[in-house]
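Quick one: the structure is below, questions incoming.
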Amino acid sequence: MQENYKAKAYDILKNLNIEEGDLIEIKKGDLRIRGILLPSYSKDERIFVIKLDNGYNIGISIDNISEIKLITKNSSKAQESERKEVSRNGAKSEIKIISTGGTIVSKVEYETGAVRPALTTEEIVQFLPEINEIAKVDAEVLFSILSENMKPEYWVKIAESVKKAFGEGNTGVVIAHGTDTMAYTASALAFSLRSLQGPVVLVGSQRSSDRPSSDSAINLLSAVTTAKYAPFGEVVVNMHADSSDTYALVHRGVKVRKMHSSRRDAFQSVNDKPLAKVLWKERKLVMLDKSYMSKKGETTLDAKFDNRAFLLYYYPGLDRDFLEHILTNTKIRGLIIAGTGLGHTSSDYVELFRKATKDGIFIGMTTQCLFGRVNMNVYTTGRQLLDAGVTPLEDMLPEVALVKLMWVLAHEQDLEKIRSLMISNLVGEINPRHTLDLFPRWSYE
């Protein structure tokens with residue numbers, strides 16, 4: 001199929017019996033460029049689009065090309081009719097890809113420069129032909145939103161779609177999601193989906209597919225590899241891990257955080273090790289941690305959230321009246337504090353917290369340090385906060401604690417029952433044992 005190419009480029013491909021998806025080699029001057037021929041959406045009829053071995057896409061002008069050689073035909077062509085059947089019948093797929101937004105599954109419209117989602121199974125396979133080498137996939141666009149617009153009601157819809165996907169016979173689920181709030185959604189799904197039949201893999205892209213340094217292809221291939229081969233039944237985040245494009249890491253969904261605004265390896269496990277490493281070129285999953293939740297027989301759905309919760313990042317000079325207003329003049333049922341150090345705020349607020357907990361409002365303490373756990377028994381202020389009813393939340397990340405609280409509030413009304421659930425390790429959100437290697441050390445040599 002050369003239908004996306006025109007004029008001279010089309011004639012060259014037709015004469016050589018080269019089709020989209022074939023592995024070819026182009027000689028231009030002293031350069032030899034090898035890669036998979038992709039569809040071209042450019043108005044320039046002299047451009048070939050090639051996917052390199054490192055996952056990047058490049059455009060090559062036909063001008064001054066001395067040789068074009070077919071290396072191997074597209075191995076997925078033989079699977080084309082089967083793939084079309086898969087797209088019509090999700091039950092025949094192995095891996096379900098659910099798109100919620102972001103640029104991880106997208107295609108460039110070169111006429112406008114715009115990037116739009118690849119909406120169908122065929123488009124995803126066209127975008128990434130290698131995916132057929134891993135598993136049969138079926139794609140669904142649940143919604144297409146910017147991740148900063150994610151809401152608890154959307155978490156419920158995603159969880160329902162995951163449950164449905166497993167019910168259709170899929171053995172793993174990949175969720176395409178914007179990176180900014182991916183960790184929140186991962187936590188929400190972890191609390192909402194229990195006894196998972198297989199992996200639920202959230203994946204995103206830090207750089208869209210129209211950029212030469214895009215991580216879209218590597219991340220999606222890695223995510224499908226994880227969904228196909230992982231032995232666990234957990235919600236995880238699968239993202240790029242190194243600047244050399246050699247592997248991706250699989251992070252437990254309740255122990256991961258986006259730690260850089262733009263780097264491709266922005267996601268890091270916090271107070272925990274990654275569960276696995278994905279060698280995407282080899283289509284291989286290497287387990288790094290054996291303490292995972294095994295796959296179960298049938299997935300249980302329990303997706304309810306009460307968003308009458310608030311995440312407070314404490315800072316010196318926090319206005320007492322402002323805090324009092326939040327605790328007394330709103331519908332708030334729970335407060336998560338990102339406190340300093342071992343879990344502190346100014347002692348000026350102790351009595352406010354005491355009154356709030358007596359009124360049935362849950363107050364939980366996490367640390368702004370992120371790494372390490374809270375220990376409110378060490379210093380006087382911490383002990384005062386404990387006496388006022390503030391609950392220490394071990395090594396939980398502030399965002400995870402917030403999502404967990406929303407889930408707990410939707411299930412319990414009694415403060416003591418809420419406290420009991422919040423300090424219980426439900427899905428691996430609390431790591432009872434920290435080792436020295438859990439803290440990253442930066443080298444300045």
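Glycine too: its Cβ is placed from the backbone N, Cα and C atoms.
In case it helps, Swiss-Prot gives these features for our protein:
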| type | residues | note |
| --- | --- | --- |
| ACT_SITE | Thr103 | active site |
| ACT_SITE | Thr179 | active site |
| ACT_SITE | Asp180 | active site |
| ACT_SITE | Lys258 | active site |
| DOMAIN | 93-425 | domain 'Asparaginase/glutaminase' |
Roughly how many angstrom lie between the C-alpha atoms of Asp180 (active site) and Lys258 (active site)?
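About 7 Å separate the Cα atoms of these two residues.
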Which secondary structure state does DSSP assign to Asp180 (active site), in the simple three-class scheme?
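Assignment for Asp180 (active site) reads coil.
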In angstrom units, rounded to an integer, how far apart are the Cα atoms of Thr179 (active site) and Lys258 (active site)?
8
Counting other Cβ atoms within 10 Å of each residue's Cβ, which of the active-site residues Thr179, Asp180, Lys258 comes out lowest?
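Taking Thr179, Asp180, Lys258 as the active-site residues, the minimal 10 Å Cβ count falls on Asp180.
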